[in-house]
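Under the heading active site, TrEMBL lists Asp83, Asp85, Asp164. What TrEMBL records for 448-465 is compositional bias 'Basic residues'. If you look up TrEMBL, you'll see 65-195 marked as domain 'Poly A polymerase head'. Per TrEMBL, the feature domain 'tRNA nucleotidyltransferase/poly(A) polymerase RNA and SrmB- binding' maps to 222-285. Annotation source TrEMBL lists domain 'Polymerase A arginine-rich C-terminal' at 337-456. What TrEMBL lists as region 'Disordered' is 431-465.
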Amino acid sequence: MIKGFTRFLQSPGEHIRSLFGPQDASAGNPVLRIIPRQEHPVSRQHFSDAALKVLYRLHNAGHEAFLVGGCIRDSLLGRMPKDFDVATDATPEEVRELFRNSRIIGRRFRIVHVRFGREVIEVTTFRGKPGDDHGDHIAQQSNDGMLLRDNVWGNIEEDALRRDFTINALYYNIADFSIHDFADGVRDIETRTLRLIGDPATRYREDPVRMLRAVRFAAKLDFHLDPASEAPVHELAPLLLQVPPARLFDEVLKLFMSGHGVETFRLLRDYGLFAMLFPEADEAMAQLEWAEPLVERALASTDRRIHEERPVTPAFLFAALLWGPVQLRQRELEDDGMPPIPALQAASQKVISRQLQHVAIPKRFSLPMRDIWDLQQRLPLRRGKRVFQTREHPRFRAAYDFLLVREAAGELAPGLGDWWTAFQDADEHEQRRLLSKVGADPAGTNAPRKRRRRRRKPRKPPTDE
Ligand code: ATP
Ligand code: MG
């Protein structure tokens with residue numbers, strides 16, 4: 001929490017109102033509002049040294065330099081900014097020349113990353129309207145209106161109107177510490193409203209990821225979507241199928257690994273967006289009653305760990321998201337006579353390869369995810385040396401957590417999880433006792449609740465004929 005913001009936070013809405021004066025009535029037609037330093041609570045103390053260094057060096061070289069986006073929005077909400085984005089009239093090449101520790105990245109959006117140790121400051125050049133005839137002129141649009149490239153330079157006002165939400169178009173000027181509000185973003189911060197700048201459907205078509213960003217910010221900031229920005233989402237959700245899977249992977253991580261996963265997941269489902277990211281998982285949720293609770297519990301546990309600042313891995317989450325489809329597929333194969341172990345292998349492979357067409361999961365996460373799944377078959381086998389091999393497996397802990405989530409979601413009858421909870425912490429004597437208890441269970445498996453049911457053809461209802 002930012003120091004000195006307690007008073008601001010006690011009644012954030014009121015405080016902003018009193019700071020910024022009465023609201024402009026011309027809501028539909030935003031005008032630039034410059035809020036001088038003495039009338040807003042955002043101070044340089046809230047910014048990292050690296051961010052300030054970048055701003056001052058640009059300024060001293062005669063360029064305009066602003067902090068923009070999430071860091072100003074979050075500061076106004078009394079939250080500690082997570083990272084810093086700088087907007088400037090300097091071109092990427094000019095920025096590159098000012099900072100030795102920088103490099104130009106991206107094709108779709110050329111931006112400069114300036115690195116200070118582990119911190120990276122993102123510097124973007126003001127962007128203009130794609131059709132405008134000034135500056136470096138490289139913008140491309142697909143037939144659906146999707147922006148493929150957007151490297152047309154412009155001025156700050158044009159730059160503001162090209163941003164996604166009004167609350168993300170607030171600029172902090174290093175020249176005089178004022179905030180420039182181009183789209184009534186301050187009013188929307190007060191009323192906790194997410195509102196796209198311009199015509200919502202057009203803006204979603206330009207970049208369908210904005211629909212995911214809407215959900216992410218709504219969950220994270222506890223904002224609501226303005227009705228006009230909400231209305232087209234259901235219908236336009238399928239546009240996400242055209243977004244490159246690698247970009248969606250980055251976005252999915254932000255959606256689920258920011259400490260508000262449960263709420264985000266519910267919103268994604270409500271808006272029909274989840275099915276565009278994880279179609280098979282969405283279908284499995286309609287068929288298996290435990291599949292949705294399993295994902296919610298996995299997300300809740302991830303959220304908890306993030307708030308406790310404990311490490312989290314996306315592999316665990318992906319394991320939960322795709323376990324439903326993997327189980328459906330495994331059952332089918334077993335029903336066709338394949339033994340369980342190869343059936344799980346084949347099912348995993350199939351589900352992953354289909355999923356990769358939507359969201360690219362890198363190997364560094366999909367391999368541990370498969371380990372977590374494989375271990376689900378080994379956890380019930382507790383005879384002889386096996387139990388110690390399982391215990392020593394590098395992915396044991398994640399697999400054990402996953403087992404607990406499966407039990408809690410009602411996929412498995414409880415029991416095995418408790419056994420492993422006790423076994424892990426037990427001394428040698430206690431471990432022997434626990435192992436002898438397994439001996440009493442003839443299968444040695446503590447078999448999961450019987451879950452395989454052959455699909456029968458529904459009996460035809462009697463007819464009059
Ligand atoms: P956070 O960093 O907390 O996730 P942010 O708003 O800073 O939130 P970034 O992805 O860092 O999000 O983007 C920085 C800024 O760039 C945004 O605030 C917004 O103004 C603009 N922006 C980012 N993505 C888009 C997009 N898809 N369409 C339009 N503007 C965007
Ligand atoms: Mg940011």
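Glycine is no exception: its Cβ is also placed from the backbone N, Cα and C atoms.
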Where Asp85 (active site) sits in the secondary structure, as DSSP reduces it to three classes: strand
Counts of helix, strand and coil residues, the domain 'Polymerase A arginine-rich C-terminal' (337-456), according to DSSP: 75 helix, 0 strand, 45 coil
Candidates Asp83, Asp85, Asp164: member of the active-site residues with the richest Cβ shell (10 Å): Asp164
Integer Cα-Cα distance in angstrom, Asp83 (active site) to Asp164 (active site): 18
